[in-house]
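Novice: The structure is given below, and queries will be raised subsequently.
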Amino acid sequence: MAAKFLLTILVTFAAVASLGMADSVLLSGQTLYAGHSLTSGSYTLTIQNNCNLVKYQHGRQIWASDTDGQGSQCRLTLRSDGNLIIYDDNNMVVWGSDCWGNNGTYALVLQQDGLFVIYGPVLWPLGLNGCRSLNGEITVAKDSTEPQHEDIKMVINN
């Protein structure tokens, strides 16, 4: 079981490295600080100084976490349990994906199609169809063939 998980992680990171995706990936335990961004093609995901997480396409805002004004000098962190969190400068949670599981290796990827996806091990038992965020439902997709209608996806390894 552990060998299968390790192989999955190695394949995931080899793919990320070979595609030159360093600017579009945030790994578990890493932080994106206020004013910094992930970029993929025409899309940019920025954590702003006012704590708003915003996705842009060609410089035009197309999605936001609606957390502006809820703190200052915020940062976006992908925790080792898979939970994506915006913290303010007092380490208070401003926004979170509220999806987490066992500690593991996860990767937030801003894809070429503009979706930002969290890849990693299974976070919940079968039958649970989604996780709540602080501002709405996060669509969970088991694989890349399922319909994608939201901006955030949780992709799990079977």
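Placed from the backbone N, Cα and C atoms, the Cβ positions cover glycine too.
Note that the structure is predicted; figures quoted are calculated from it, not measured.
For Cys51-Cys74, the entry in Swiss-Prot reads disulfide bond. Per Swiss-Prot, the feature domain 'Bulb-type lectin' maps to 23-131. The N-linked glycosylation site feature in Swiss-Prot is assigned to Asn103. Summarising the annotation, Swiss-Prot assigns signal peptide to 1-22 and lists experimental evidence as the type of evidence.
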Novice: Could you state the CA-to-CA distance between Cys74 (disulfide bond) and Asn103 (N-linked glycosylation site) to the nearest Å?
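Specialist: Counting only the Cα atoms, the answer is 23 Å.
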Novice: Restricting to the chain of Cys51 (disulfide bond) and a gap of 6 or more, list residues whose Cβ falls under 8 Å of its Cβ, or answer none.
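Specialist: In sequence order, the residues whose Cβ lies under 8 Å from that of Cys51 (disulfide bond) (at least 6 apart) are Ala34, Thr67, Asp68, Gly69, Gln70, Gly71, Ser72, Cys74, Ile86, Asp88, Val94, Trp95.
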Novice: Can you count helix, strand and coil residues in the domain 'Bulb-type lectin' (23-131) using DSSP?
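Specialist: Taking the domain 'Bulb-type lectin' (23-131) as a whole: 2 helix, 49 strand, 58 coil.
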Novice: Check the recorded positions Cys74, Asn103 for other C-beta atoms within 10 angstroms of each C-beta and report the one with the most.
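Specialist: That would be Cys74, with the most Cβ atoms nearby.
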